[in-house]
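**Student:** The structure is given below, and queries will be raised subsequently.
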Amino acid sequence: MPRVGIIMGSDSDLPVMKQAAEILEEFGIDYEITIVSAHRTPDRMFEYAKNAEERGIEVIIAGAGGAAHLPGMVASITHLPVIGVPVKTSTLNGLDSLFSIVQMPGGVPVATVAINNAKNAGILAASILGIKYPEIARKVKEYKERMKREVLEKAQRLEQIGYKEYLNQKE
């Protein structure tokens, strides 16, 4: 049974939203992924949000570009946590999406990550689930420890060989 619902306004958002799916897979978290357009399929959006909990969904990640109404509209229908992913557009580089998602009225919160950063949305969803599921919390902690080790190893390497050699080795 999926614990996370990943939805997007268009299939053009999939290259961004797959990052959330990939990180959830890394944590071993079940998810469903589909297209739900707030503007083109409003009835589908309403039914998706209304019935998500019955399907076992505990967190929804919603990505959208442009007017980006999907995350906010879904949050207005469900009491489940909604994480909004602003998708970069060719017009305003995703700023329109970011502002649309982040500027929600009081009482209808949407947690918002950086433009095109569905990976962080997946990590945030895992952190939320980790409150209830100790195994997921353990995996999130291990992930963050691994990131810490990687940074410390890179810092040590840079300090040992200097920036010129470090950059040469990265090329």
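The first residue you see is number 1, and the count goes up from there.
Backbone N, Cα and C define each Cβ position, glycine as well.
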**Student:** Report the candidate from Arg40, Arg44 that shares the substrate site with Ser10, Asp13, as recorded in Swiss-Prot.
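**Tutor:** Same substrate site in Swiss-Prot: Arg40.
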**Student:** Sequence gap of 6 or more, Cβ distance under 8 Å: name the residues on the same chain that satisfy this around Asp13 (substrate binding site), in order along the sequence.
**Tutor:** Gly63, Ala64, Gly65, Val87
**Student:** Have a look around Ser10 (substrate binding site) and count the other CB atoms within 10 A of its CB, chains all included.
**Tutor:** 17
**Student:** Centre the Cβ atoms of Ser10, Asp13, Arg40, go out 8 Å, and tell me which other residues of that chain have a Cβ in range of the substrate site.
**Tutor:** Met8, Gly9, Asp11, Ser12, Ile35, Ser37, Ala64, Gly65
